[in-house]
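Participant: Input: one structure, supplied below.
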Amino acid sequence: MAKSSRPWYGRDFGLSFRMGLTMFLLFALYAAFILILWAVRVPWAILIIVMVIVALSQLFLSDKIVLWSSGARLMGPQEQPELHQIVTRLAQLADLPTPQLAWINTRLPNAFAIGKNPKTAVIAVTRGLVERLNSTEMEAVLAHELTHIKNRDVTVMSLASFFAMVAAFIVQRFFFFGFAMEGDRRNSRSGGGGQAIIIVWLASLIVWAVSYVLIRTLSRYREYAADRGSAILTGHPGYLASALEKIQSGMRMTPTRDLRQAESMNAFFIFPAVRKNSAMEIFSTHPTLEHRLNRLEKLQQQMEKK
């Protein structure tokens, strides 16, 4: 496979550090969660069952569920040949296998990448995106999604959210989990069952809430990294900036019903399906458009100096 001829223009060490720090905080939180479960003697058989259910669903079902829920249909090479040519060329530049392309028949302008590894990756694009963007803007969007694939962002985010999903499972199924713990304690004739159950539930709730914010912080950082990768692959940060502005404009023109139907896909989309950026960015999976455009402009200036 051909090697990329694009210069890297220096790594963004600040962004890399913030991503690393966020991952560290997440795993420190999860380690504390495990210690609490161990300290109150949670039945490990029950916990292992929960973890296996979560792991299997992430490993074997998550990609299929995302494609199914979005209405994506895999495209053959004869469909949208220009898109296939663009993604093949960009994949060679990025030293990646060429991913499959999928089509979503909706006016909503958006795209996403899915797949636990580059060999099984799929990039989905919507009809609204293809109709709204020109070829250079589409190239930038596909390069953004290829960067997600190269960085294995689906796998990273799955690992980052694993114990958050376990905690959510415990919180949402409190009565089932509580009865299981109480039954185990009665069998072992140990006391303090009710107090231990409350401790486990509160710990799970705290882990769920804190990890919710940290995972979204990590998601925003990885969107910045994908924006940067797109700019480097295409050699033109302005292509992606123009595409993002057109996508946001398209969102504002999209009926509210269509936006609501697509809300569950926001974590995967290149741009969230909302009419305007949320004032509470801390709870968003994506940075604001203004912040993304500012970073792309700075990268453009950096590239022009080289």
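Yeah, the Cβs are placed from backbone N, Cα and C, and that goes for glycine too.
As annotated in TrEMBL:
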- 21-38: transmembrane segment (TRANSMEM)
- 44-61: transmembrane segment (TRANSMEM)
- 77-299: domain 'Peptidase M48' (DOMAIN)
- His144, His148, Glu223: Zn(2+) binding site (BINDING)
- Glu145: active site (ACT_SITE)
- 154-176: transmembrane segment (TRANSMEM)
- 196-215: transmembrane segment (TRANSMEM)
Participant: Go through Glu145, Glu223, our recorded positions, and report the one whose Cβ sees the most other Cβ atoms within 10 Å.
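Facilitator: Of the recorded positions Glu145, Glu223, the most buried by Cβ count within 10 Å is Glu145.
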Participant: Do you know offhand how many angstrom separate Glu223 (Zn(2+) binding site) and Glu145 (active site) by C-alpha?
Facilitator: 10
Participant: Specify the count of other C-beta atoms within 10 Å of the C-beta of His144 (Zn(2+) binding site).
Facilitator: 28
Participant: In terms of DSSP three-state secondary structure, what is the assignment for His148 (Zn(2+) binding site)?
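Facilitator: His148 (Zn(2+) binding site) sits in a helix per DSSP.
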Participant: Tell me the coarse DSSP state (helix, strand, coil) of Glu223 (Zn(2+) binding site).
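Facilitator: It is helical.
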Participant: Over all shown protein chains, what is the count of other CB atoms within 10 A of the CB belonging to His148 (Zn(2+) binding site)?
Facilitator: 26
